[in-house]
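Here's the structure, in structure tokens; my notes come after.
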Amino acid sequence: MPHCDEALATTLPHNAFTSSSVFTSGYAPGYAKLNKRGGAGGWSPLDTDHYQWLQVDLGSRKQVSSVATQGRYSSSDWITRYRLLYSDTGRNWKLYHQDGNIWAFAGNSNTESVVRHDLQHPVVARYLRIVPLDWSSEGRIGLRLEIYGCPYWADVINFDGQGVISYRFKVKKMKILKDVIALKFKTSESEGVILHGEGQQGDYITLELRRAKLLLQINLGSNQYGSILGHTSVTSGSLLDDHHWHSVVIERYRRNVNFTLDQHTQHFRTNGEFDHLDLDYELTFGGMPYSGKPISGGRKNFKGCMEGINYNGDNITDLARRKKLDTSSFRNLSFICVESHTFPVFFNATSFLQLPGRVEHNMVSVGFQFRTWNTNGLLLFSALADGMLELVLVDGKVNVHINVTQKKNTRIDISSGSGLNDGEWHDVRFLAKENFAMLTIDGDEASSVRTNTPVQIVTGGTYHFGGYFQRTSVSPTLRSFQGCMQLIHVDDQLADLHAVERGRLGAFENVSLDMCAIIDRCMPNHCEHGGRCTQTWDSFSCTCDGTGYTGATCHTSIYEQSCEAYKHLGRASDSYWIDPDGSGPLGPFKVICNITEDKVWTTVMNNLPAQTSVTGSSRERRTVLQLNYSASMEQVSAITSSSEHCEQHVAYACRTSRLLNTPEGTPYTWWVGKGNEKHFYWGGSGPGIQKCACGIERNCTDSKYYCNCDADQKQWREDSGLLVYKDHLPVNQIAVGDTNRPGSEAKLTVGPLRCHGDRNYWNAASFNTPSSYLHFSTFQGETSADISFYFKTSAPYGVFLENLGNTDFIRLELKSPTVVSFSFDVGNGPVELNVHSPTPLNDDQWHRVSAERNVKEAVLQLDQQYQEVRPAPPQGHTRLQLYSQLYVGAAGGQRGFLGCIRSLKMNGVTLDLEERAQVTPGVKPGCSGHCTSYGMYCRNGGKCLEKYNGYSCDCSSTAYNGPFCTKDIGGFFEAGTLVKYSFIPETAAAPNKDAKDISQTSPLETNLTQEDLSFSFSTSSSPSILVYISSKSQDFMAVVLRHNGTLQLRYSLGGLREPFTVDVDQRNLANGQPHSINISRDGRTLWVQLDHYPSVSYSLPEESDTEFNNIKSLFLGKVFETGQVDPVLIEKYNTPGFVGCLSRVQFNSIYPLKAALRSHIAAPVSHQGKLVESNCGASPLTIPPMSAATDPWHLDGGPDFPFNEERVIPDGVNRNSAIIGGIIAVVIFTILCTLVFLIRYMFRHKGTYHTNEAKGAESAASADAAIIGTDPNFTETIEESKKEWFI
């Protein structure tokens, strides 16, 4: 309608206006015309209360677009809030709805100003009612009004449930590519076919009512196997049996369909692969054709009215009126809508309807229909002459309770039905007489509930429907009901509710007569991402379980956007659920996150087995391998588009099978990537280059070809490499075309898709002046909006972003150093949420802000722990309507933001701040200084290194590895394995395959007054030397496991006859479990800590020196040293050597074991024997606590050291470990003894023994290198006289 704004009420006669009552004749409703001063200057009712109304009869149906109100002229009378009702007949009123609620319009604030409201959705009606809700506090209800709109006319057809209209096609079979179907309908029935068409090939289209919902079913054709692949079914709306007009539009082009019901549009795509709707003969309106096939399934025909039926430009109602269509199935075709005879009654929580019945009668017979969303409510209560009767809804069932207190108490309880709070009309019939009671739900006599309990009923004569609030001796279990009732029968008589309305029968309070104000708050469904909607009369709620989303409307994803985000929460490599578009349409999916030292890799697996064999394919008949991934193509595209780099390894192993047919031919094999594009290059090459990796590197088997396989040889060859052009990835299909010749075969391998980096997560901009800002297109978030970002600043305040409308707006800002604010207005007035931080936010560290606003609530969250939630008002505007551009930063320069904003997401879409910042003065792309926020994740002394996109942890000066310096570096030692670290540069190191080059001298001091030694170990054998630090003097330090498995620390710094020893623990630590030890010395004071127990301090004797002089070497696992060595160690503990795991070994600032296991680290370290890297069980387990008597850490008189009882290992575990360890030790000892005996036997007749003059010493750079490089067997003999121990 081009312009629908005529004044409709001004020209109406006096009698077109009616009202509930009139104050006096001068206040008659006919004077209630805008800006008129006739009579008393407007309408005022007799009583100023909530039962008053003013009604206008427009004479015929009109389209109404606006309503304007004004107070009574020159008075203190006006209305401040009102509701609008409309109807075609002056009965069965419908309340005007807006934003999913029964709408309350704002009225006037004085007598003369006019307040006009344009209706969000125009309505078509003949009668309008204004119902005042609030009025002037200085006077009474007073009203003048105007209705704006335009004429409306449409052909109407009344369907009687029998007849159908047949629209015959001009040709027998129609292949329809495009459809537009429009109509309006109204009915009191919940079932009925509105239109239907079908074809012999199985195509069909059906629009029908099912359970008062509209169901559209389309099938554009299924495949030859007759499966239901093409069947598509979509449901819309509910409560459509309210006998009010509903508008339907179906627009189809090929497989794309728009399905609109009452301004709510669903877009969907039909299933299958066909585009045409193939129909035969006809399309029928109002039901199934009489020649219908079995597809009809006994469906009911439509009973009600339709108007404005239009099919692809043909006006069906007009053709029917002019008898151009077949209407022979109608008994009496009528073009006037037959109105419903029902008289609905609406109850709120404070309503009741009282109706009279027969008094002192011995039978109760009541019946009614009801509809509600609430699970519980009082349907009917009646006080009997001697007791009470009630019908209540409990948990969606109808329960009847009869309590008769005659000679003895008799109680009858019967129940029937289930799920009756589904919003549909349900019929209840109850009959009770002497010794008999029966309850029937929805007319199902077969499932009626009966009881034959002997009881004598005497009626009281009064029935309360929907509520009972009197305080009497007998009262119901429930007091009220929210819902609607109709067709109320008392004593088998239909209650005359018109008489009730006029006050001639019964009584009522707070009841709305001749209307049902039920609203389906779950239609349209505000629960997003598959959340399940449930509702009561006043509100709805969403169940988000299993969706991957959370919040009042299941809007916000519970998962991070990428593997990069998980790294910055301090997570380790694992499989994780990610949701790249947050609250957007893509669902969450699982990927493998490989978090390495410098990159975070995201891996998506596919289902193609490695080396899939292909035979029998040719160019004419290629074998197509389809790859399915653990995520949809849309989800994978979200990863590739935001990643910095992606790659996928492909390999084609061939035997007499050509791949790309290089150099000039048409490729035999190609692959299909993203967007279903074919690609003719292979791994190691790039787009447009029809080559394999060997062709790029010029090293193919046959130089005439650019692929190894293209040489077409009978031997197995392979072309493999990485596909790295990420806009083409992932590989979806591979079509193989040359394996059909004799002996021809190919084997294909396609690896997982691997990507690293997340440009969305690091997309940042730096705002350098208070007046700088970025602008983007208007934010679209009408009913649900979420905004999330990271910020860091040193400024005390600043606006992060804002978007304005006419009156609506949305804004996020830093109000003060400790307060973040989220403010908005959707038409109900400004709302502001504030979250307070316990620490200042202008600390130049990253902070995370997320804000969400939906029809249920608004939420502001800071750093994922502090939040404020504000429920939305139960009535009011819900749509956020913005018009200006979105400004990131303060557009006006007032309270501008200084600092960085990163990863700004709005409704799941990342705004490209960097791209916009490159062309905006005062704003720079990117942001530095990530270590201030994320440096805490670098553990164990790791250093945080700044990167443009994030940070990395430098673990080079730690005993650890991994992205956060938390990965243990350990080695498994076999008998005889040792690691040696030299503190003093050795001038003549022998070349040795096990020794590393010494590229620089150790910066460590050689005379020490303090040491820090820490390591972990696990072993099942003893004795052994764990760590030994030697010197050029007689000083040494050693940590040993004694024969009984106890740990001992030995220090010799000079001045003492015997080394100073500390027995660290009384227990056997050679129990196969990981243990950690930390030893620190400063001067004379020594601290020792074992596992999780508190450290214990010791003091070196006064006569002991405090300087560790001329330290020379550090040994792990075994000592193999020239010069001064503690003879007790050698004799007792050094043979056969440590067998087990050592890890995270650190001595002051050196990491000998890490240096030995990492070839790229240049250090004066070497090892002998087999050293295998191992994580050694990763971390020490909790050790069972000892009793006070045996616990060396126990301090007398002090509190017991607390331990974690849940993690205590039962003694049996240790005992078993000890037994197993003992058996293994015995076996190893037996084998070693046998070896020693054999070696001695072999060399016995030669009469030789080994000294330090080892073979190869002549050419060795040093004696030590020669010793370590020689055969380990010679360590068995010792030349005692020289005290040169080669152990």
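Going from the start of the chain as shown, residues are counted 1 onward.
Each residue, glycine too, has its Cβ placed from N, Cα and C.
Curation plays no part in TrEMBL annotations; they are all automatic predictions.
What you are looking at is a predicted structure, and each value in this text was computed from that prediction instead of being measured.
In TrEMBL this protein carries:
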type: DOMAIN; residues: 1-150; note: domain 'F5/8 type C'
type: DOMAIN; residues: 156-337; note: domain 'Laminin G'
type: DOMAIN; residues: 342-516; note: domain 'Laminin G'
type: DOMAIN; residues: 518-555; note: domain 'EGF-like'
type: DOMAIN; residues: 554-606; note: domain 'Fibrinogen C-terminal'
type: DOMAIN; residues: 763-927; note: domain 'Laminin G'
type: DISULFID; residues: Cys900-Cys927; note: disulfide bond
type: DOMAIN; residues: 928-966; note: domain 'EGF-like'
type: DOMAIN; residues: 988-1176; note: domain 'Laminin G'
type: TRANSMEM; residues: 1218-1239; note: transmembrane segment
Cys927 (disulfide bond) has its Cβ surrounded, within 10 angstroms, by a count of other Cβ atoms equal to 24
For the domain 'EGF-like' (928-966), the number of residues DSSP places in helix, strand and coil:
7 helix, 12 strand, 20 coil
Taking only same-chain residues 6+ apart in sequence, whose CB is under 8 Å from that of Cys900 (disulfide bond), what do you get?
Ala764, Ala765, Ser766, Phe767, Phe791, Lys792, Thr793, Cys927, Gly929
Determine which residues of the chain contact the domain 'EGF-like' (928-966) at the Cβ level, with the cut-off under 8 Å and only residues 6 or more beyond its ends counted.
564, 567-568, 570, 572, 595-598, 600, 644, 757, 759, 761-762, 792, 843-846, 900, 1014, 1144-1146, 1149, 1151, 1153-1154, 1161
Which residue counts does DSSP give the domain 'EGF-like' (518-555) for helix, strand and coil?
0 helix, 10 strand, 28 coil
